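*Asks:* Here it is, the structure, as structure tokens.
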Amino acid sequence: MASSHIILPPDDDEEEQRRRGEDEDPWARSVLPPLAPEQAMKAAASPFSATCVRISRDSYPNLRALRNASSVSLSDAAYVKISEGDFGYILDDVPHLVDYLPDALTYPNPLQDHPAYSTVRQYFVNEDDTVPQKMVVQKNSRRGVHFRRAGPRQRVYFESDEVKACIVTCGGLCPGLNTVIRELVCGLSHMYNVSKIYGIQNGYKGFYSSNYLTLTPKSVDDIHKRGGTILGTSRGGHDTKKIVDNIQDRGINQVYIIGGDGTQKGAYEIYKEIRKRGLKVSVAGVPKTIDNDIAIIDKSFGFDTAVEEAQRAIDSAHVEACSAENGIGLVKLMGRYSGFIAMYATLASRDVDCCLVPESPFYMDGEGGLLQYIEKRLKENKHMVIVVAEGAGQDLIAKSLSTSEQQDASGNKLLLDIGLWLTHKIKDYFKSKKVEMTIKYIDPTYMIRAIPSNASDNVYCTLLSHSAIHGAMAGYSFTVGMVNGRHAYIPFYRVTSTRNKVNITDRMWARLLSSTNQPSFMSLEDIDDQARETDRIANKPPLPTGINHRAANSLDQSASSSTNGEI
């Protein structure tokens with residue numbers, strides 16, 4: 001069996017350990033290298049062969065951090081492009097046509113003659129421009145992982161009249177889908193003079209089960225004012241070989257795929273099959289998730305609109321709660337695995353007394369439980385508003401109902417209705433206490449998904465779409481997104497290897513707790529576990545076992561006082 005690694009030099013203590021003959025973790029000093037598929041296949045033909053590249057010790061911590069931050073499988077080794085620079089600089093690059101078509105021709109970018117862009121100084125992006133993944137660093141920090149900056153290049157790999165582009169939307173609805181479609185069509189047409197643009201109907205299966213829809217700037221002129229997607233969408237239906245067969249048969253050479261993490265995984269598989277066949281095709285992914293749970297990027301389009309609309313539902317719940325004796329308004333918002341909409345809508349509203357998210361476990365009964373807190377709040381204020389993300393408390397429902405886990409067409413776990421379950425639990429609790437109360441349950445999920453994007457999201461969708469077009473014309477295949485306020489091209493595997501989640505040990509969650517005055521519903525052990533997980537993801541050493549945050553803070557304070565005092 002073939003293997004290929006970048007061999008990292010051992011630290012001094014590791015070298016000493018090796019001399020003593022102690023066992024070592026085989027992954028402790030290796031990451032997957034940027035091999036071409038042909039090299040990987042050649043290596044696979046020779047059993048037990050290995051391709052090794054030694055690198056300097058200076059980049060060792062950064063490459064280890066890169067390996068920890070992204071789950072790179074052996075099958076992805078041929079598609080990973082990592083390069084290093086001075087002071088611990090790491091570029092996690094995206095695939096390009098020349099990786100497997102070295103003789104591909106280039107052409108002058110049509111934008112240099114475009115009247116709207118020709119007067120802009122330094123409009124074209126420098127090839128060496130990159131965007132750092134981490135912005136907050138210390139004085140002696142290494143430069144860390146970077147991504148290639150998005151934007152137009154001086155040379156492109158497609159002539160305008162040879163481009164045949166297609167656009168597909170997959171997964172659930174989200175505000176801004178039609179805006180992205182519109183800006184892709186208008187951007188290709190107005191900036192690069194592309195005339196052959198097609199829409200794939202009803203998701204991935206539309207590649208091989210439906211006729212293509214011809215798209216023009218005129219046909220998409222006002223679609224941004226409508227919710228949903230004019231192309232239709234669906235979950236599942238991904239058959240890589242059928243899709244690429246269709247792309248090849250129709251002569252498509254630019255594929256724009258709009259969807260969540262599952263859709264981006266599908267885009268990655270499509271790219272790999274395209275590369276295996278040696279086709280001159282760029283694949284550009286535009287990440288879409290209303291939950292804002294796509295990794296690496298600052299936020300996903302439609303999120304601002306969703307928070308704004310969710311706040312309207314919270315306002316309605318507050319009115320209902322205030323208008324009744326011991327009134328409770330309960331609002332369920334989207335958030336299967338990540339509670340960003342619930343958290344931000346709560347912070348924006350300032351009328352919420354309790355916010356429950358999937359990342360923060362809670363319990364119902366007993367001292368410090370949710371029911372006791374609700375009772376206390378009603379005694380104080382005579383009314384209460386609760387916001388709950390749809391993925392919160394699923395373990396509690398499963399225990400009480402003894403249900404089996406089911407999945408939808410995309411492989412996502414079908415969630416039980418936490419809002420309805422909480423409503424019954426709260427009613428039963430106050431009935432047992434012989435206390436009169438009124439509870440109004442509001443579920444605005446599909447109302448939020450179906451609305452058009454607001455002004456902020458419209459601008460964001462435009463920038464994402466244009467960045468995707470520039471990258472595809474330049475021959476890259478990638479997922480586009482904003483990283484630390486700059487648009488960047490991110491490798492597919494980086495945005496699909498993990499999820500973005502609410503960090504309940506950082507200042508934003510503390511702001512929420514301060515706003516709602518709710519307890520955290522977590523023990524010190526739960527908080528320490530969360531901190532260790534956060535530190536692991538950030539590639540920092542975790543707190544020692546048995547030491548909680550209070551003890552750690554005490555250690556920090558004592559260390560500070562000892563260094564500031566007289567010696």
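Using N, Cα and C of the backbone, Cβ positions are placed for all residues, glycine too.
Among the features that TrEMBL reports, ATP binding site is placed at GLY172, ARG235, GLY236, GLY260, ASP261, GLY262, THR263. Residues annotated as substrate binding site in TrEMBL: THR289, ILE290, ASP291, MET334, GLY335, ARG336, GLU390, TYR446, MET447, ILE448, ARG449. Per TrEMBL, the feature compositional bias 'Polar residues' maps to 554-567. Marked as domain 'Phosphofructokinase' by TrEMBL: 165-470. For 1-30, 537-567, the entry in TrEMBL reads region 'Disordered'. According to TrEMBL, the site 'Important for substrate specificity' annotation covers GLY262.
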*Asks:* Limited to the domain 'Phosphofructokinase' (165-470), I'd like the whole-number average of pLDDT.
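*Replies:* Averaged over the domain 'Phosphofructokinase' (165-470), the predicted model reaches a pLDDT of 94.
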*Asks:* Roughly how many Å separate the Cα of MET447 (substrate binding site) from that of GLY262 (ATP binding site), to the nearest whole number?
*Replies:* 23
*Asks:* Show me the subset of GLY335, GLU390, ARG449 whose Cα is within 10 Å of GLY172 (ATP binding site); these are the binding-site residues I mean.
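*Replies:* Candidates kept after distance check: ARG449.
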*Asks:* Cα-Cα separation of ASP291 (substrate binding site) and THR263 (ATP binding site), in Å?
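*Replies:* About 15 Å separate the Cα atoms of these two residues.
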*Asks:* Of the binding-site residues GLY236, GLY260, ASP261, GLY262, THR263, which sits closest to ARG449 (substrate binding site) by Cα distance?
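*Replies:* Going through GLY236, GLY260, ASP261, GLY262, THR263 one by one, the Cα closest to that of ARG449 (substrate binding site) is GLY260.
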*Asks:* Between THR289 (substrate binding site) and ASP261 (ATP binding site), how many Å separate their Cα atoms?
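*Replies:* With distance taken Cα to Cα, ASP261 (ATP binding site) is 8 Å from THR289 (substrate binding site).
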*Asks:* If you measure GLY262 (ATP binding site) to GLY335 (substrate binding site) at Cα, how many Å is it?
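*Replies:* One finds 16 Å between the Cα atoms of these residues.
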*Asks:* So how far apart do the substrate binders THR289, ILE290, ASP291, MET334, GLY335, ARG336, GLU390, TYR446, MET447, ILE448, ARG449 get, largest Cα to Cα in Å?
*Replies:* 17
*Asks:* Same chain only, sequence gap of 6 or more: which residues have a CB within under 8 Å of the CB of THR263 (ATP binding site)?
*Replies:* CYS170, GLY171, TYR204, ILE257, GLY285, LYS288
*Asks:* Please report the distance from the Cα of GLU390 (substrate binding site) to the Cα of GLY260 (ATP binding site), rounded to the nearest angstrom.
*Replies:* 18
*Asks:* Whole-number Å distance between the CA of GLY260 (ATP binding site) and the CA of GLY335 (substrate binding site)?
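*Replies:* With the alpha carbons as reference points, the distance is 13 Å.
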